[in-house]
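The ATP binding site feature in Swiss-Prot is assigned to Gly614, Pro615, Asn616, Met617, Gly618, Gly619, Lys620, Ser621.
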Amino acid sequence: MSAIENFDAHTPMMQQYLKLKAQHPEILLFYRMGDFYELFYDDAKRASQLLDISLTKRGASAGEPIPMAGIPYHAVENYLAKLVNQGESVAICEQIGDPATSKGPVERKVVRIVTPGTISDEALLQERQDNLLAAIWQDSKGFGYATLDISSGRFRLSEPADRETMAAELQRTNPAELLYAEDFAEMSLIEGRRGLRRRPLWEFEIDTARQQLNLQFGTRDLVGFGVENAPRGLCAAGCLLQYAKDTQRTTLPHIRSITMEREQDSIIMDAATRRNLEITQNLAGGAENTLASVLDCTVTPMGSRMLKRWLHMPVRDTRVLLERQQTIGALQDFTAELQPVLRQVGDLERILARLALRTARPRDLARMRHAFQQLPELRAQLENVDSAPVQALREKMGEFAELRDLLERAIIDTPPVLVRDGGVIASGYNEELDEWRALADGATDYLERLEVRERERTGLDTLKVGFNAVHGYYIQISRGQSHLAPINYMRRQTLKNAERYIIPELKEYEDKVLTSKGKALALEKQLYEELFDLLLPHLEALQQSASALAELDVLVNLAERAYTLNYTCPTFIDKPGIRITEGRHPVVEQVLNEPFIANPLNLSPQRRMLIITGPNMGGKSTYMRQTALIALMAYIGSYVPAQKVEIGPIDRIFTRVGAADDLASGRSTFMVEMTETANILHNATEYSLVLMDEIGRGTSTYDGLSLAWACAENLANKIKALTLFATHYFELTQLPEKMEGVANVHLDALEHGDTIAFMHSVQDGAASKSYGLAVAALAGVPKEVIKRARQKLRELESISPNAAATQVDGTQMSLLSVPEETSPAVEALENLDPDSLTPRQALEWIYRLKSLV
């Protein structure tokens with residue numbers, strides 16, 4: 001800022017501002033002045049554009065007018081929300097000195113920094129989505145990645161081995177803010193992401209990170225957390241924790257542990273798979289018609305967030321999964337009773353985070369009290385559920401009767417938004433506060449009692465007690481009786497017909513009343529802070545309770561979904577394979593107006609790959625995706641949309657389904673497709689579920705068919721992954737004859753004239769034709785084009801009548817070896833018998849042959 005160059009020429013207030021701004025050069029500074037937050041110079045110009053507020057000028061400093069923009073302090077949350085949503089960070093600078101006693105500018109300091117990844121205010125957060133701060137580190141051995149949800153205290157780290165895994169983690173976690181080192185090499189991995197923050201290298205130093213984390217957790221080492229031997233992850237975690245402390249300007253007592261996320265603990269899905277399966281976000285970027293939109297009928301925001309974490313990290317530990325299945329089964333008869341009570345619990349998890357940060361507002365404490373009030377009824381209902389996991393959750397959620405009683409005594413039923421508004425602490429909680437309030441609310445009772453007492457004591461019937469704004473409280477006696485005023489009455493004011501006096505008792509009372517409002521508010525703030533001190537020792541137990549309540553909400557929700565949507569409990573088997581009876585697509589069946597056609601699936605070590613053929617729009621992609629979604633649902637412990645499911649171990653789910661040009665990166669559809677295919681061929685194992693749709697269609701027929709053939713061969717023979725391979729290359733239907741473990745299935749259709757009916761039913765064997773022209777007609781392609789296409793198709797089929805069933809053996813592709821076309825004139829001459837023609841017919845034939853040439 002150019003203003004700093006001529007620092008001494010500025011006014012004292014602007015000097016104070018410039019010093020504070022120099023400490024936060026990269027972010028906006030909200031500088032408190034009375035009832036406004038002001039922004040100056042470049043900050044003012046940026047804020048006026050980002051917030052669409054007026055840019056004005058404030059006098060002059062150092063001889064130059066100062067660009068200025070301002071926002072009212074009471075509306076600051078709305079403006080912060082707008083800035084945070086645009087990826088901006090804001091330093092909040094408050095007046096901490098007393099204007100009455102300050103010489104020069106009132107003392108100010110930055111009390112907190114609001115950034116996209118460290119917000120905890122209810123107004124700034126989306127209640128049903130996690131809001132993560134993340135840090136990324138890279139060295140020659142791979143990546144380190146750490147995430148922190150400051151609104152819950154959830155702290156995670158991982159060490160992705162390669163670029164693809166790191167990209168998948170970024171897509172899964174979708175951080176609101178991402179810290180990276182100034183020498184980070186893979187900038188193309190993170191470019192274009194929101195909330196990028198470049199940090200100096202020393203913030204990622206490993207020894208500093210260990211020291212920071214041990215200090216935070218009160219430990220001597222990190223062995224107990226299982227992260228001791230994760231140096232890259234620790235580098236990221238250390239930078240992240242320091243950043244969180246710097247922005248919050250307070251301790252973070254709710255961050256009490258860190259967890260290592262290992263690849264072997266969950267089913268791995270790359271970025272393309274998460275996108276294609278539309279788990280929580282559809283291909284258009286919205287939330288409609290996603291798996292989460294069908295499964296998420298949770299009644300608390302923290303339950304909704306937990307369910308989405310489960311969906312993005314399916315677990316492989318069958319003990320955990322069987323426990324969840326058992327719990328869902330046990331809860332199915334209790335959902336109607338439990339959900340209305342759970343709904344009243346609210347977002348306890350985030351309230352506790354604000355409590356830990358000492359930013360909880362009065363209504364947060366009222367909601368916490370309301371949550372505590374639900375616990376006895378919840379525990380009573382759960383007592384009847386015959387399930388060990390449910391009883392474990394019941395114990396973990398606790399009851400907190402003492403804290404409930406404390407908040408019932410301390411906080412009024414409907415408190416105001418802010419403690420500075422007053423009227424938060426309930427009457428009867430603190431005797432001194434009640435006295436100050438009684439004074440502040442009016443002195444009528446006291447003054448009436450004083451008047452009666454003084455009349456009786458002095459015998460003066462004209463004596464009365466009053467108040468005016470200039471002289472304060474007084475005792476008034478008529479001029480006729482003023483000579484009888486007691487000696488301790490000090491004259492305060494003389495009127496035409498009366499004298500006004502003050503006595504020490506009334507003066508003392510006046511001082512009390514005039515300061516009582518300020519005193520009441522100050523004491524109320526003190527008592528409110530003391531409530532934090534009384535609640536915070538229970539923070540760990542409260543966080544465990546919130547976690548148990550969120551998990552209960554998820555499991556009750558999955559029980560309700562299973563019952564309502566007619567899902568079945570899947571069975572886990574030891575060998576690789578998936579057997580599905582009457583499987584359905586969980587999302588498509590909800591949006592269809594007609595009944596969904598259920599289909600079977602059988603994959604096993606002896607039947608590892610299905611070659612799927614059939615018409616466009618016939619249901620190939622739906623069939624493939626439903627298989628992956630059923631597997632995904634099974635591995636979060638949910639029931640699944642099918643009549644019966646047996647499923648073996650799965651380590652990864654891959655999808656190569658559909659593609660679009662990646663214009664921003666300069667990659668064509670075919671390049672995107674091949675990149676995803678390469679990732680699958682490098683990383684799939686015999687325990688992987690692979691969906692391959694239309695491989696090779698973005699290049700020439702020779703190249704495409706060759707690639708598709710080789711990929712299918714590699715997956716079936718070498719990798720031996722469980723594979724669904726949809727294709728329009730009918731040559732691939734010969735694969736089952738050439739290798740073991742491959743089978744043909746197809747989705748059929750019926751064609752009648754110019755119309756087509758898709759059966760959506762999976763049958764064994766290869767499809768007889770692709771019905772491409774019928775689908776084109778259905779799509780509205782002009783009739784003359786369809787007519788010409790049919791004509792051309794007949795010509796091609798007459799040239800190579802067995803095209804669909806040609807033999808392929810690596811070097812020969814007879815479909816592509818099209819014989820030379822025979823002229824219609826030659827065909828006509830071959831069929832002509834000249835001896836049988838009359839002269840007139842011979843002449844007609846000459847003209848006809850001429851027209852055929």
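Glycine is treated like the rest: Cβ placed from N, Cα and C.
Bear in mind that the values here come from a model prediction, so they are computed numbers and not experimental data.
Projection of Swiss-Prot feature records onto the structure.
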residue	record	contacts (Cβ under 8 Å, 6+ apart)
Met617	ATP binding site	Phe758, Val775, Leu778
Gly619	ATP binding site	Ile597, Leu747, Phe758, His760
Lys620	ATP binding site	Ile612, Thr613, Gly614, Asp693, Ala726, Leu747
Note to self: Quick check: with Gly614, Pro615, Asn616, Met617, Gly618, Gly619, Lys620, Ser621 left out, which same-chain residues have Cβ atoms within 8 Å of the centroid of the ATP site Cβ atoms?
What the structure shows: Leu747, Phe758
Next item on the list: Among the binding-site residues Gly614, Gly618, point out the residue whose Cβ has the most other Cβ atoms within 10 Å, with all shown protein chains included in the count.
Entry: Gly614
Next item on the list: Rank the binding-site residues Asn616, Ser621 by the number of other Cβ atoms within 10 Å of each Cβ, and give the residue at the low end.
Entry: Asn616
